Amino acid sequence: MAPGKKGILERLNAGEVVIGDGGFVFALEKRGYVKAGPWTPEATVTHPEAVRQLHREFLRAGSNVMQTFTFYASDDKLENRGQNLKLSGAQINEAACDLAKEVASEGDALVAGGVCQTPSYLSCKSETEVKAVFKKQLEVFMKNNVDFLIAEYFEHVEEAEWAVQVLKTTGKPVAASMCIGPDGDMHGISPGECAVRLVKAGAQIVGINCHFDPMTCVKTVKMMKEGVEKARLKAHYMVQPLAYHTPDCSCQGFIDLPEFPFALEPRILTRWDMHKYARESYKAGIRFIGGCCGFEPYHIRAIAEELASERGIVAPGSEKHGMWGAGLEMHTKPWVRARARRDYWENLSPASGRPKCPSMSSPEGWGVTKGHTELMQHKEATSSQEMKHVMDMQKKVKSSA
C-alpha cells in the first residue's frame, strides 16, 4: 500500500464508503478480449492495454478498489474442457497484479487480489486439493503485496470457507462474497448461516456478488447481517451485484435465464436505478458498494454521485456528467432541455422498445449442483456425446416445465 493511503479496514472502521469496480469479464467480453464460456482472464497478458483502460475508467468513475482481473485464473479452470492457452495461472495473475497496482497508484485506490470458486470443488476434489489451488494463486498476490484479499463468487459456503481459511493465513484483510440470493447457497444453507461461517473462518468483510440484481443482493446482505448480529459476531458488509434486473430468477440466479449470456441487454439497469441501489445499500449499513457482471463505469459513477455527500468527494468522471441530467440544459432541442431535472429521471419508467417480448422469463433450473455427474469437470474438450446429452436434458427439462 502506498504511503499515506488508508487500508480497507481503516476506511470501513471509520464508516467511510468504499466503492468497488465493475464486471470485468462481461465488459471485456463485449469489447472482444474475453471468451464467453470459459470466462478466463488471459487478456491481462495478451491485451494488457484493454484491461488497463477498463481499470482507469472505473477509477475515474469513482472506484476505490482496483480488483485484480484474476477471476477464474486458477490452473484447473485454465485447463478445463479443452482450454489450451499455453499460459499459467501464475503468469496471468502476475500481469493482473501489475495492471491493478499501476492504475491504483494513479488515485486513492487499493489493490485487491481475488480468488473464486473452482472446477476442482465441483468435481468433488478433497479439501486439501481445493485449498492447494487457492494457495497457488495466493503466492502471486503475496509476492505483489496486494492491499487486501477477496474470495468471491462462491455458490457453496463450504468452498468459500476453505478459501477464506487459506487467505487468512497471510495476515492481510479478507473479504468474502457469495453469489447467492435469499434462498441461500446451492445446498440450501441460509445467507445468515453462510455469513456466520465465513466470519468464523476469518473474513472481516462479508457479502454478496453477482447472480442477482442489486435490490435482491441488498436484501440478501441484510439477511447475512442479521445472522452475524444474532451470533454476536462483528463484520463489515459488501455488495457487488449484477447490473441486470432479475425478478424472475430462482436459486441459481441469472445463469438459469434463457437469455444468459448473450441476450441480457434488455435487463440492464439505468444509471438512475444505480442511484437507488447505492442509497438502499447505504441505508442497510453496507459500506463496500460496487458491481459485478453488467456494470460499466457509468454505473459506478452513479453510485459515486449518489453518495458524494457522504464521501465528501466527487469522482473525476462527473466532470462530464451533470447531476441528474443537468447537462441537458445545453441541448439544442427544447423538449430534451425540459428533461434536465431529477424528478423526470427518478419517475421515468423506461420502455424496452420490444413489443413482442415478455417482461419476464422462465429460468431453466436443472436442479444440479456439486456432486451431480453433469457438473464433473475434465481437461478434455466437451465431446459431441456430452453435447447430445445436455441437449437431451434441456429438452426434457423444458417439456416438464
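Note: Cβ is positioned from N, Cα and C throughout, glycine not excepted.
Annotations in TrEMBL come from automatic prediction, not curation.
Keep in mind that what you see is a predicted model, and the values were worked out from it rather than measured.
Annotated features, as they stand in TrEMBL:
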- Cys210, Cys292, Cys293: Zn(2+) binding site (BINDING)
- 381-395: compositional bias 'Basic and acidic residues' (COMPBIAS)
- 6-307: domain 'Hcy-binding' (DOMAIN)
- 381-401: region 'Disordered' (REGION)
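Across the region 'Disordered' (381-401), the DSSP tally of helix, strand and coil residues reads 17 helix, 0 strand, 4 coil. Summary for the binding-site residues Cys292, Cys293: the Cβ-based neighbour count within 10 Å is maximal at Cys292.
Neighbours of Cys210 (Zn(2+) binding site), defined as other CB atoms within 10 A of its CB across all chains, total 28. Close to the recorded Zn(2+) site, the chain also has Gly23, Phe26, Tyr153, Cys179, Asn209, His211, Gln240, Pro241, Leu242, Gly291, Gly294, Phe295: residues not among Cys210, Cys292, Cys293 whose Cβ is within 8 Å of the site's Cβ mean position.
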